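The following features are taken from Swiss-Prot:
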DOMAIN    77-360  domain 'PPM-type phosphatase'
BINDING   D117, D295, D351  Mn(2+) 2 binding site
BINDING   D117, G118  Mn(2+) 1 binding site
Amino acid sequence: MAEICYEVVTDACPSSVYESTPAHSRRRPRFQTVMHEDWEKNCKRSKQEALATRYSSIPRSSREDFSDQNVDVSSPRYGVSSVCGRRREMEDAVAIHPSFSSPKNSEFPQHYFGVYDGHGCSHVAARCRERLHKLVQEELSSDMEDEEEWKTTMERSFTRMDKEVVSWGDSVVTANCKCDLQTPACDSVGSTAVVSVITPDKIVVANCGDSRAVLCRNGKPVPLSTDHKPDRPDELDRIEGAGGRVIYWDCPRVLGVLAMSRAIGDNYLKPYVSCEPEVTITDRRDDDCLILASDGLWDVVSNETACSVARMCLRGGGRRQDNEDPAISDKACTEASVLLTKLALARNSSDNVSVVVIDLRR
């Protein structure tokens with residue numbers, strides 16, 4: 001994954017021209033691209049292993065005719081961009097796991113995508129990136145056609161993730177972590193989680209917090225999640241019913257602290273802040289793409305604009321060719337994700353911005 005880090009050039013950094021002018025002596029932004037080799041290697045290896053497993057599961061007698069079948073079992077194209085933006089620290093995390101699970105009664109794999117927006121520190125978001133897809137995989141049953149089964153699976157996975165984070169937090173504090181200044185350590189650390197499991201015929205989205213999933217269908221946005229804000233009427237009733245309060249402090253906050261009503265972690269705000277996700281199951285039709293992103297994007301870019309940008313990039317990139325390597329992240333999706341993060345920064349987003357664009361065209 002290429003991460004664009006936002007940093008500040010000080011007087012100690014060399015400048016090309018006009019160093020002495022007042023306008024150029026001020027602190028100014030500079031963008032630096034950093035390639036995460038481990039991310040690239042892990043993604044490529046996981047895709048190659050998944051493809052090898054999928055191919056080996058096909059009976060030998062039918063392998064020769066596999067390319068002539070009309071069913072596309074390849075992993076969907078995707079693009080990822082994660083930027084630090086104007087924040088001092090990067091607290092977002094992204095998880096991409098193509099073909100992370102194959103139901104026993106089907107040869108077609110399922111694909112996992114997730115965006116986690118941490119707050120207080122990066123511990124919980126990082127832990128979700130490492131563990132949540134594994135918990136979902138463990139909770140999946142052989143037959144997931146029933147919507148209630150999907151909802152139960154996601155709810156159990158998020159609950160297990162939350163319990164892991166609470167019990168695991170005490171052991172992750174390091175000398176360089178700002179959690180050192182908190183007592184008890186990491187109790188005020190949490191993360192949003194918006195994840196999607198894509199099957200050949202369904203799009204399953206589970207959301208906890210104010211990250212968002214938006215489907216672009218026939219050029220129009222279809223929100224697949226609803227932000228969990230403390231002033232949302234049903235969330236306000238739930239918080240007050242549990243004995244909590246929503247206090248306005250530059251925006252509605254739970255007990256005047258947290259600007260979202262659901263999250264993984266945040267042990268000190270329980271039970272007012274819930275880890276229970278809202279789950280939607282959508283049948284795949286004439287879909288263009290799915291966008292998962294943290295609120296660093298959605299705070300300044302509307303659903304309509306995001307879909308227009310992504311669709312424009314996808315239409316310019318064309319469709320996957322028969323001889324194209326499906327294990328390579330698609331250039332058009334990557335361009336869409338990068339363009340969306342640049343747009344968010346151009347509109348003065350003050351948060352980390354993480355965007356995943358998944359091509360759903362058949």
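Just so you know, glycine gets a Cβ as well, placed from its N, Cα and C.
Not measured: the values here are computed from a predicted model.
Swiss-Prot feature annotations superimposed on the structure.
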residue	record	Cβ neighbours (10 Å)
D117	Mn(2+) 2 binding site	28
G118	Mn(2+) 1 binding site	27
D295	Mn(2+) 2 binding site	22
D351	Mn(2+) 2 binding site	22
Using DSSP and three states only, what is D351 (Mn(2+) 2 binding site)?
coil
Cα separation, G118 (Mn(2+) 1 binding site) to D295 (Mn(2+) 2 binding site) (Å, whole number)
11
Structural state of D295 (Mn(2+) 2 binding site), classified by DSSP into three states:
helix
Once the DSSP letters are reduced so that anything not helix or strand counts as coil, what is G118 (Mn(2+) 1 binding site)?
strand
Whose Cβ lies within 8 Å of the mean position of the Cβ atoms of D117, D295, D351, the Mn(2+) 2 site, other than those residues?
D92, T192, D210, S211, S294, G296, L297, W298, D299, N352, V353, S354
The mean pLDDT across the domain 'PPM-type phosphatase' (77-360) is 90
